[in-house]
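According to TrEMBL, the transmembrane segment annotation covers 27-50, 62-83, 103-125, 145-169, 202-224, 245-265, 277-297. As annotated by TrEMBL, domain 'G-protein coupled receptors family 1 profile' applies to 42-295.
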Amino acid sequence: MGCTPNASHSPVFLLLGFSRARISPNLLFLLFLAIYLATIMGNVTLVLLISRDSRLHSPMYYLLRGLSVIDMGLSTVTLPQLLAHLVSNYPAIPAARCLAQFFFFYAFGVTDTLVISVMALDRYVAICDPLHYHSVMNRRLCARLLALSWMVSIVHTMLHVGLLLPLYWAGDAKGNVNLPHFFCDHRPLLRASCSDIHSNELAIFLEGGFLMLGPCALIVLSYVRIGATILRLPSAAGRHRAVSTCGSHLTMVGFLYGTIIWVYFQPSSQNSQEQDMVASVMYTAITPLANPFVYSLRNKDVKSALHRLLGWGKVISLPKSHFG
């Protein structure tokens, strides 16, 4: 695809992802507003519970609190702008803001996947080596793992932003470039470019694939060992308790990694732009919304902490857990 003389490094992008939707913009606005508010309220509640209740001061909840903060950031990067564009006749975003949104979306998104893999490691130590759990998964190690996740994510994101900067986009007579998406995501930006994008595609499959493969391998190996340990437990009650502590995490792992692989690691010809956008809605809006509810509704400690916070009667006292 060749670039025309009016091609530019810094066009104005028109985000037209929902312009052909069969649902009215007003209804979409109310739907995404409800999703965004529920996401913020659910994650803020979880952060407050974990911060205030000493019974939740364990490594697992420390990581879960970090995940909630990331989920709020991931939603805030995309959904407020979508809401503004749904009530606008000109859903435009300048190139500089588009790249900034791309940077923060990628940074939050990649950190999200890395923290979920760290949570798998936490479950592995808790179930396979419970006697040393608090000495191994202490607060210092958790903080370092979270910091490392952020560092890897930012370096990864800067690489892909750097590969986008030299690209040209050919716009219309007014310099506008149509993006059939609701935010500045990687695939739509590459599809709309008139430049050679082979280096970008190669980076997605090689560097991005390696970054996905590492956490996926850690999660798979952790749960293989966890499964073997659970099968050796003598009591059915112990096996049920171990499975219940991992079920929520496995649900979100499958949901998040499945949608990401669907969008980013298939050849461009294998999936349509509409399918990409549906999958993007799942991991930018639905996953951050679901995380606090999936992790809390099946968790007695979190439900007990919520009851204590709201003062809903006397709750049975649970033993305190401490960071090592």
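Heads up, the Cβ atoms here are built off N, Cα and C, so glycines get one too.
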Which sequence-distant residues neighbour the transmembrane segment (277-297)? Criterion: at least 6 residues beyond either end, Cβ under 8 Å.
17, 32, 35-36, 38-39, 42-43, 45-46, 64, 67-68, 71-72, 74-75, 78-79, 105, 109, 180-183, 185, 248-249, 251-252, 255-256, 259-260, 262-263, 303, 306
For the transmembrane segment (145-169), distant same-chain residues with Cβ under 8 A (at least six beyond the ends)
3, 7-9, 11, 13, 63, 66, 95, 99, 102-103, 106-108, 110-111, 114-115, 118, 121, 177, 186, 189-190, 192-195, 197, 199-200, 203-204, 207-208, 211
Intrachain neighbours beyond the transmembrane segment (103-125), with Cβ under 8 angstroms and 6 or more residues off its ends
59-60, 63-64, 66-67, 70-71, 73-74, 77-78, 132-133, 136-137, 142, 145-146, 149-150, 152-154, 156-158, 160-161, 183-186, 211-212, 214-216, 218-219, 222-223, 225-226, 245-246, 249, 252-253, 256-257, 260, 283-284
